[in-house]
């Protein structure tokens with residue numbers, strides 16, 4: 001059993017949890033993920049590791065309440081235990097040799113972008129971070145990003161906080177200002193990653209995206225997480241979750257991601273209308 | 001001999017749930033022999049001197065021995081003989097391909113039907129498991145520690161054998177529940193999960209520790225396990241990686257690997273009415289493949305409410321690799337067989353959901369290396385089957401997580417771990433392997449045989465090292 005040692009709501013639908021998992025904390029790397037089941041009969045859900053502390057033996061996860069599984073996780077509090085918590089799964093992000101990088105996070109994807117940015121910063125790379133949200137209420141990890149970025153931009157769709165606009169606007173501005181990036185990391189909703197990739201393709205900048213498709217086991221067994229990358233079928237759980245964004249078939253991934261949307265929506269309706277607006281809005 | 005031999009040329013029939021009724025529930029299909037049926041069937045055995053059945057059993061059960069005890073109505077005696085050779089008799093009695101093993105060699109099968117060895121094995125195991133007064137003596141510890149990777153049939157057997165010898169055994173399972181393919185793959189109606197759970201409980205009583213959520217190769221490596229004081233390690237990580245057809249449309253919504261489909265239905269319990277596991281409720285399902293996994297997936301789809309389920313197989317009914325009983329049960333349950341057909345494209349609708357499977361007709365040509373006649377496409381024979389789900393059950397290969405993280409562990413080009421002999425020694429000192437991780441997808445009983453042999457080899461290795 002995996003004890004929750006800290007729980008903190010980051011906004012109305014996003015929660016941060018620090019979980020006691022010494023074996024996972026010992027091996028975790030940015031880009032890797034865990035699979036959890038909150039209760040003994042919950043669904044298995046993958047979540048990218050947001051942070052880890054090898055000495056304290058803890059792993060931090062940040063999740064958005066989307067369906068039943070994340071709802072159940074959110075019912076647990078400090079002192080409670082998560083029934084199953086397995087990892088670190090997937091291939092770590094390749095960060096070696098990078099000197100100047102733009103890290104782009106969208107919404108709850110910022111939780112995944114953060115450990116990448118943090119590690120790059122620790123390695124001594126120049127980090128330009130851009131995080132985007134729909135509105136001010138949904139902003140997360142602002143201070144965390146500020147602490148590790150050489151340049152930090154925050155944008156909102158409606159202009160209620162930071163600059164008004166999309167992450168792609170902010171990124172293009174930085175590129176046009178003459179910033180030459182070794183690589184761009186884009187982590188967020190599929191549609192955001194797709195448009196970041198269209199932009200960086202235009203400028204010929206290698207772009208890595210982190211894919212988070214539906215999966216069960218996370219070890220290559222179910223094949224549910226398959227994606228088309230460069231015309232080949234890949235499993236996000238073992239071949240990824242990081243992929244060359246210029247090769248990913250985002251349209252297919254978006255369709256596959258919507259496979260159980262009705263299931264998720266039904267679970268949310270039963271729960272809380274306000275939350276549904278947040279998630280789907 | 002205190003009884004009269006039963007010379008009925010036919011097996012005592014197995015009581016089964018009515019086909020129409022069972023195709024809507026997940027309860028066990030075969031109900032098991034009664035005491036009278038078992039004794040009558042046991043009395044069909046001729047007790048051949050050379051025991052051809054035993055030599056065809058991968059774990060070499062003394063088959064005439066245990067059957068003789070049933071015939072004499074000594075069930076405890078039958079249990080003792082059976083359990084001396086197999087750790088999982090309730091499982092094997094249900095899922096072994098007996099027609100290719102013990103029963104295939106039975107002399108009674110020459111002029112009639114062979115003795116129902118599998119059914120009798122199941123009977124004895126169920127009789128034993130139903131008793132409340134069963135005792136398990138925890139063996140005396142020998143002070144040595146071993147680790148088992150994977151809790152499927154190979155790992156559980158190896159664990160049981162080593163525990164009986166006094167080893168401190170820890171079994172590591174990647175999923176949240178122990179049992180491997182016995183719990184995620186084989187469905188409830190063929191192998192009730194309560195039986196697997198009971199077998200695992202039995203191992204725990206022997207002192208075996210089972211740790212779930214432990215993906216070896218990720219959480220811990222093989223080298224970590226050695227650092228933790230294990231003197232030998234058995235890798236029984238199975239063949240869990242699904243193969244796909246590599247045809248257009250395979251990533252449409254509604255195309256499942258059999259692994260994913262069966263895992264959702266079985267392990268994640270989508271078959272229960274109040275289950276929270278998302279699964280597509282399909283009306284018309286095509287299952288591609290002809291093995292046991294294909295039969296399992298088809299019969300699960302039927303039970304999940306599909307009106308039409310079609311097995312699409314590229315050879316003919318004669319070449320189906322599935323266990324005979326499973327094919328018969330599938331036919332009884334109304335599963336259609338579209339044989340000599342090979343999928344070339346999955347068709348999708350405007351929302352990306354599956355709406356059909358395009359196939360071409362095949363004919364059988366010359367025999368290939370497997371000895372079976374090779375299917376050859378018939379020109380201009382494409383046809384469409386309207387379906388809303390496709391389940392791909394064309395085989396699996398070993399998972400690469402362990403070979404990728406274990407320096408010096410050699411594998412072949414199909415990703416199978418290379419072993420030196422039947423003891424399962426790999427290219428790494430102290431590391432043994434067996435089951436599907438070595439052979440590629442095979443059967444429960446072959447895995448058990450490998451686990452058993454490896455346990456002996458590991459014991460010899462550790463004893464040799466400590467002399």
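Placed from the backbone N, Cα and C atoms, the Cβ positions cover glycine too.
TrEMBL does not curate its annotations; it predicts them automatically.
Annotated domain 'FAD-binding FR-type' per TrEMBL: A:1-95, in sequence order. Break the domain 'FAD-binding FR-type' (A:1-95) down by DSSP state and the numbers are 13 helix, 44 strand, 38 coil.
For A:62, A:63, A:64, A:69, A:70, the entry in TrEMBL reads FAD binding site. Note on residue A:70 (FAD binding site): other Cβ atoms within 10 Å of its Cβ, all shown chains, come to 23.
For A:222, A:225, A:237, the entry in TrEMBL reads [2Fe-2S] cluster binding site. For residue A:222 ([2Fe-2S] cluster binding site), the same-chain residues lying six or more positions away in sequence with a CB closer than 8 A to its CB are A:215, A:216.
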Among A:222, A:225, A:237 (the binding-site residues), residues with Cβ under 8 Å to chain B, listed in sequence order: A:222
Separation of alpha carbons, residue A:237 ([2Fe-2S] cluster binding site) and residue A:62 (FAD binding site) (Å): 19
Residue pair residue A:64 (FAD binding site), residue A:237 ([2Fe-2S] cluster binding site) - Cα distance, angstrom, rounded: 20
Residue A:237 ([2Fe-2S] cluster binding site) and residue A:63 (FAD binding site), distance between Cα atoms, whole Å: 18
Average model confidence [pLDDT] within the domain 'FAD-binding FR-type' (A:1-95): 93
Nearest-integer angstrom distance between the alpha carbons (Cα) of residue A:225 ([2Fe-2S] cluster binding site) and residue A:69 (FAD binding site): 17
Neighbourhood of residue A:237 ([2Fe-2S] cluster binding site) by C-beta distance under 8 A, where only residues 6 or more apart in the same chain count: A:46, A:89, A:90, A:215, A:217, A:218, A:219, A:220, A:225
